[in-house]
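Copied from TrEMBL, the annotated features are:
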TRANSMEM  21-44  transmembrane segment
TRANSMEM  105-123  transmembrane segment
TRANSMEM  129-149  transmembrane segment
TRANSMEM  161-183  transmembrane segment
TRANSMEM  189-207  transmembrane segment
TRANSMEM  254-272  transmembrane segment
């Protein structure tokens, strides 16, 4: 027996929806997904020597990082549905009413799966992973939530730049420590990494709203992009990124890990040359010709995370 045409169409439709849903789960792309650079690099620099059983721990960290990020991204898209429609964005959520009803449930399941997985790992490894992870989960949930908490409390963190600041300042350090604790004990190395990725998150936070300024202003939001000039945001973002590199490349950090981390000097110099110095010479004024400078930030970030992991072999 061969499947009927209607059966084939249903399979194609399910496949298309799955692919589109995965695309939303990985939007925006980051060092966490679709490629698990962050979790993999943390694993590599956490090990002083490698054993075959470490592979299962690596995959546990990757699974937690991916599923938690999928849940966070999907929840954010669900709650930004009206803004995305107003901006003319075409996604499976804006164009498929049935997915608008099921996707929040999927996001909830992804959050729940990652939390239960972290709790299980906490019990197995006897480390307080879940404490840091729960802080991250609550912060990212409230940051996006238009559907539940906003109706109770009256606001969501994403609507005001102070809420954005609180979320990013809380979420990234606790997330870093949560993933780190899957691989290692809570120690000075983990704390240094949490501080470094605090500055990393501040840099990204200041730039993320630049592309949505008009939409945020129409929606009545007081995000960083609406409340501050692009020049101020770019300048502060570059300073925060420089601090990220300085935390990773100072003598204390090198003594904790290894001198192999000095390989991160190359993306640091690339960032300084193509972004920071370039914008400084223009008095931080943004124009249409600066697309390359912003692409350079992404290149330097991704290469830095890859090299951070590879430094374990140097």
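Each Cβ is built from the backbone N, Cα and C atoms, and glycine gets one as well.
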| query | Thinking of Cβ pairs under 8 Å, which stretch from 105-123, 161-183, 189-207 has the most of them with the transmembrane segment (21-44)? | reply | 161-183
| Sequence-remote contacts (6 or more beyond its ends) of the transmembrane segment (189-207), Cβ cut-off under 8 Å? | 42, 45-46, 164-165, 168-169, 171-174, 176-177, 180-181, 224, 233-234, 236-238, 240-241, 243-244, 247-248, 252-253, 256-257, 294, 297, 301
